[in-house]
Amino acid sequence: MTIRKSNPYLSLVNSYLMDSPQPSSMNYWWNVGSLLGLCLVMQMASGMFLAMHYSSSMELAFNSVEHMMRDVNAGWLMRYIHANGASFFFMCLYLHMGKALYYGSYKSPRVLVWSMGVMMFMLTMATAFMGYCLVYGQMSHWGATVITNLLSAMPFMGGDLVPFIWGGFSVSNPTMQRFFALHYLLPFILAALVVMHFMALHVHGSSNPMGMSGNMDRLPMHGYFVFKDLMTVFVFILMFSLFVFYSPNTLGHSDNYMPANPMVTPPSIVPEWYLLPFYAMLRSMPDKLGGVMAMFAALLMLLMLPMTDRSVMRGNTFKMLSKLSFYLFLFNFFLLMNMGQLHVEVPFIELGQFATVYYFSYFLMLVPVMSSMENMLFYMGNK
């Protein structure tokens, strides 16, 4: 017996990454999971080096970032890898979740895998938000002020919760130090959730584009899908390098290159692009509490999907009605992303409200209705 099978530690790696049987029909959409693992390792490694030179003091935070850019050997490279890596991380996250929505990877028996993935998504959003605040530029300060102020909408305890998070009466030095401590800690919790995600996936194995059992035709992970993953890894590194070396600030915000000034409000307070859809839902509600509830409910909708999808078939490969509603949902998501960066004025307010209504209608109405109609067509076709 080879050492990779006899060693108690290597045997775990072998069963998960080498001899793990995978459906032979898996296409390139299943490669995004390996890209997410690469992004996580890349973010943790670059973040560790940045933390060696970063100061979480409010007076020194912005200057310490500039010090990395100008005086630290390859500091600019680490900073741009970390900043653009966050954007590419969310690109891969949205692609991975879109694949799961289209191919029905959330359905039984993989409900736990999907639930763990949604929790990882929410934790990644929290980590990214706190990391964005640590630069302590103009947009970072006001983004931290606006988002933390949302908690004041909570009944009874909101007014006390916000000063507790701030560590004072406004975003100040204790806030920055708390955000830095949490931003350093949360990726390790995320890595633990990734392991749990792997464990849940290993029970029933990966799904496939056909939406049926792949037990009849499976191939080992190593030798087939490992080299297939390497193809997308090389493409990812090429695209990532183009941004890091040639256009490092395209995915950022120019206002964040100005030191934070609590006395001057930016013309518009806009988060990073990957948070814009949920920020658009927040802004589309005329009531503060309603906006906060809509933003958090939009995330919780993802957890309800295994219960609202009543289809007897997994995925949208052979379902035209569900395929059409999914493409409309995709267009609506990009519309929300665009609405989140525009000024709060007519007609963008109404467009954001319509897009928010469709987002919730997709999960609460379209998916159950379409799946029930397609079940009827399926049973009628079998008679």
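The backbone N, Cα and C atoms fix where each Cβ goes, and this holds for glycine too.
Listed in Swiss-Prot for this protein:
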- H82, H183: heme b b562 binding site (BINDING)
- H96, H197: heme b b566 binding site (BINDING)
- H202: ubiquinone binding site (BINDING)
- 32-52: transmembrane segment (TRANSMEM)
- 76-98: transmembrane segment (TRANSMEM)
- 113-133: transmembrane segment (TRANSMEM)
- 179-199: transmembrane segment (TRANSMEM)
- 225-245: transmembrane segment (TRANSMEM)
- 289-309: transmembrane segment (TRANSMEM)
- 321-341: transmembrane segment (TRANSMEM)
- 348-368: transmembrane segment (TRANSMEM)
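What Swiss-Prot annotates, mapped onto the structure for a quick look.
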residue : record                   : Cβ within 10 Å
H82     : heme b b562 binding site : 20
H96     : heme b b566 binding site : 20
H183    : heme b b562 binding site : 21
H197    : heme b b566 binding site : 21
H202    : ubiquinone binding site  : 14
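With a threshold of 8 Å between CB atoms, the same-chain residues lying at least 6 positions outside the transmembrane segment (179-199) that come near it are 16, 37, 40, 43-44, 47, 51, 54, 56, 113, 116-117, 119-120, 123-124, 126-127, 130-131, 133-134, 144. Comparing C-alpha positions, H183 (heme b b562 binding site) sits nearest to H197 among the binding-site residues H96, H197, H202. Sequence-distant residue pairs (6 or more apart) of the transmembrane segment (32-52) and the transmembrane segment (289-309) include fewer than 3 whose Cβ atoms are under 8 Å, leaving the two stretches without contact.
Listed by sequence, the residues of this chain that lie at least six past the ends of the transmembrane segment (321-341) yet keep a Cβ under 8 A from its Cβ atoms are 98, 101-102, 268, 270-271, 273, 275-281, 283-284, 311, 348, 351-352, 355-356, 358-359, 362, 366-367, 370-371, 373-374.
Contact count against the transmembrane segment (348-368) (Cβ pairs under 8 Å) is highest for 289-309, out of 76-98, 225-245, 289-309. Take the transmembrane segment (225-245) and the stretches 76-98, 113-133, 289-309: counting Cβ pairs under 8 Å, 76-98 has the most.
According to DSSP, H183 (heme b b562 binding site) is assigned to a helical segment. Taken residue by residue with DSSP, the residue listed as 'ubiquinone binding site' is part of a helix. For H197 (heme b b566 binding site) paired with H82 (heme b b562 binding site), the C-alpha to C-alpha distance reads 24 Å. Rounded to the nearest whole angstrom, the C-alpha distance between H82 (heme b b562 binding site) and H96 (heme b b566 binding site) is 20.
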